[in-house]
């Protein structure tokens, strides 16, 4: 399947607590109602009449499979990356990294300073980003006048990681320190008084972003299965044929009950 | 506009209240509100239910309905209720655990917090009633209970209703026993049912926490200094933990980020890279969008960072971390410092807990964008003085800041105590933390009390010291107390000479009173709320965010930089949460949800076209006011609604729920078209004013016909109305205040306003209707002086009582001795001596007796040796020394009340209230309600005063020169309306932008055989001849002001002198001398009266004889010069002691002034 669908994706939000209780091949209740609310509002707004109503098909959540949107800010949507080398993830801290082959035939400078070590030519580009959970978001596509929605798990914005620069800087710093130490030589011996402190007193209690960062740094990347564009997975996700034996879900509640459900947190007494 | 049908004689509102007692349709909630009940009667204000209802004229009825729900001090009550019910729980949640450093398993966890109510009981704890607290100098407070869970050994124990201190209770808040009390209960508790509440009683004094005005927090404010060419966007981030300010500023046309804890300005591009936006393209897109001009302005910023060689987030973070200057207990690496800076320090109100800095990056990019916009177009700056950018901080918020500080201190003390105990190696018993929690409970109680009673708000965590937050509630008159409750003080410096903050802002229309501000240094900085304002409390953000996504806002985390600026940004409390492509539709949908009550009515939403933004505000402290919704050019409030309102079937809240009326804050008002009158409605109009006179506040609302006056006169009246003597409250005779002025025969004004009725000024008035003749008389009326009629004064005009309190405490001493009250002493005839004439056998003044200067009214005695140790058995029975409380004043007083009680530290408390009844005398100050003040210049026998055909004599003669320059036309109209009302037997209205029409009043005058203009033919009382001119003659409401000659008169021949300078003391209270100042001195010099000068400046002041040595020029003593060691050249002479002092002080600084003497003649 292609993951580069951000141009045509149609995000429809719904009550997050409800979106977890789907059954396979069922059309989802909240969405049907949402449609009707839209209609109602449209009716009120006479300048914008309802032209056509189309059925919504809601695809089920597939367990053990995630549907993520990867965004590459700074790269036009038309220019897809189709030379993915590896895809990796840190499952706990939800960092995703994808490396792509660099086209060394065009605009590639082998003499560039980070390429000086020819044995270690940079030939892949690593994109990194954080997966952000977006409950109540769907990917949709229109097929045969039917809107097919698949629940979306995460969104990530991937940016070039340029880790080799950091590595290089760190290396140089280390070298400098070593140099400095060597040039200092063995100076006069200093008497250092040492006190023993329990480690709990001195170790900083990390919290918030620092803690997240530490967890992420400590965690190792694991391979993440990449379903390429040509895969059949895409079809299975959006295929209407797999949802032949569909049941039409009718709502039991009224519009008012539904709206009240939606605003139950904000309504003033 | 509003009320013209007052002409039928039986419809005067004064005749109504008793007529229809049996026809009450009231519901239970209205039972205690008589003013509202009148609305429910068949005939209200001269109209019956059968009358045709005209929406245009009757929609003002919404106003009493609003005030019934809201009241004038509702903002204080709401805020306090929010604090005790919601905010306290939030504070508890944020500080819920107390952990020990010693025992990692130990914890104390707070589960719940309540004020004045135990978890087991359904009702409030009984607390001491407020009036008793006033009298006994106690604090009106209720216990704070917490439920805790803690470990004891291996067990987890839960404990309910643990008292951690006492919370001062705001009167009439929902924790107060007066909440919802009926009039009869109020009477039982000695409370005035008209008293608005909203203040605290701390140590017996009534304290108000004034509303504080501040710049809104967590919002971007863009400002430009055109001279320096600087544009800056700043945001004050305020969280529970800290307050900090982040700036995005230009410097040489490049943009930097500035923060107090970052040592130098950091290029904005670098900060954005540190926040994870490593791509230059993306930064450009975030800040500038597609706009080429913005891109040109911004592009220069990339250069600097590129030159630094910073490309990755890690590099940027390390750079940032190296610039951070913070004090930490633990050393962090520069990378960690950088992460910490981006995550928590910069723009502190958005705290990032995970690795996703996108929200923060967007916020900074938006700040940079606003700066770029202002660089491009200097008009894109914000106005600090705009009311929409202000937030009002109320009692509840201030209390919550203070409480959190105290609670944190309480917890740290508690923790320290626990650690101390747990550290002990072998404890005999299992540790019970609750034993040590009670030790600290006094800290919270006394901390709260001290802050409220001194007004010093010191918050450790913000390192903030603020003085003068609370004020003693002024009880000079009902209106002065009410005026204080609606007052807003600004944090702005009074001394700075900038006009902006003081100027009348167009945006304060309907929100803040346009007239009521003091003159002088605080002018324009102290403001007052208008009549129909509401101040919001905080609302939850999260549900609103979810709701926004539900109605079509695209989540910001899904939006990429390229598409960000193509749609409208949706901002929730200043932070972008998403975008919408159809802002108009979104806003109208949101509004319709609000109008149907699906969203809190105080949440505002408005579009800002310049910023392409939709702003939603849920934060507290915004000023808003209700307006009638208009759709399709028609008011939604129809006559049948008002009919139902009158019948009591609808309340104000029903109007809100049905979407007929809604609250708009200042920002949203800018997004609306608001019609003043129903006749102005058209298809574009969105809202309609309920009543235009609500632009004024409670105090300015007393002025009749203010729209005919020159505006400063209304401002003057607002200041003077607070000084008028009148009725204070229904419980005024039960009160024992330090100083209380009461008018003996107060009257409600002949010419009322709607506001007067709404705020019940007619029930507790401060003034009398005087018959005024505008003419010259006797020459004692120049410079606004008034001529008073002696017979009127005899009848009680302007008579007032002054009640003064004296408090005596009978102390107990550590050696078991105590102060006592001794009986009276008698002379040889067994009659009490003069000093003890008013004393009773108990040694206290007898109620009703007269005390003259020099007489004693509390014969207190202190033990002769209070310092001896307890061991001395004799000490307990030692003799006492008399330290009587003596009355000293030019005029005698009468003892009104004597109270003896026990204060909170078991010491006897004696309060004696002394009363003087004063009739007006020469020099007493009076004023009308139009800023026209004057003193009494002469009191004339009634026989000598002019009279009219009916034999009516004026009470006051006022000089006509008071009118031309002051242009108080309203006063003239008040006279005509008042006169018409007198003749007609009705009370007339002078409501702002409405009121009784002059034509109608003139018509009544003509009908009753008077001149249409209010002039009468008068006859001289002296000659009996007809006066040569027609005299403007009729009733005007006059106030007696608190400035009275008796309190000011002062003279001295000899008296006390200051110790240091030996010059006479200063001021009346110290029996001081009258100063011959510099200007007077210059006059005497110019006149050449040198001997007078010598006498005034030296002989009558501080003449001092010194010995001066003519040889060395220094001063000696006893005829001996100490420096020359001889008496040969010593001369005696007289110089001012101050001069001698100066010479000696100079000597002490190694400067030797030497006197060279020469012969005078």
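Positions of Cβ are set from backbone N, Cα and C atoms, glycine also.
Those TrEMBL annotations? Automatic predictions, nothing curated.
Looking at B:1-34, B:35-68, the range tied to region 'Disordered' in TrEMBL is B:1-34.
Note: the stretches the domain 'RNA polymerase Rpb2' (B:217-393) and the domain 'RNA polymerase Rpb2' (B:570-630) are in contact (3+ CB pairs below 8 A, sequence gap of 6 or more). Contact check: the domain 'RNA polymerase Rpb2' (B:570-630) against the domain 'RNA polymerase beta subunit protrusion' (B:71-446) gives at least three Cβ pairs closer than 8 Å, residues 6 or more apart, which meets the contact criterion.
Residues 1, 55-56, 59, 62, 65-66, 68-70, 386-388, 507-508, 510-511, 534, 536, 587, 591-592, 594-597, 601-602, 604-607, 615, 617, 622-630, 632-637, 641, 645, 690, 692 of the same chain lie 6+ residues outside the domain 'RNA polymerase Rpb2' (B:652-684) yet bring a C-beta within less than 8 angstroms of a C-beta in it.
Across the residues of the domain 'RNA polymerase Rpb2' (B:472-535), the predicted structure has a mean pLDDT of 87. Taken residue by residue, the domain 'RNA polymerase Rpb2' (B:570-630) breaks down under DSSP into 13 helix, 27 strand, 21 coil. Sorting the domain 'RNA polymerase Rpb2' (B:652-684) by DSSP state (H, G, I as helix; E, B as strand; all else coil) yields 13 helix, 7 strand, 13 coil.
Counting residues per DSSP class in helix, strand and coil order gives 17 helix, 12 strand, 35 coil for the domain 'RNA polymerase Rpb2' (B:472-535).
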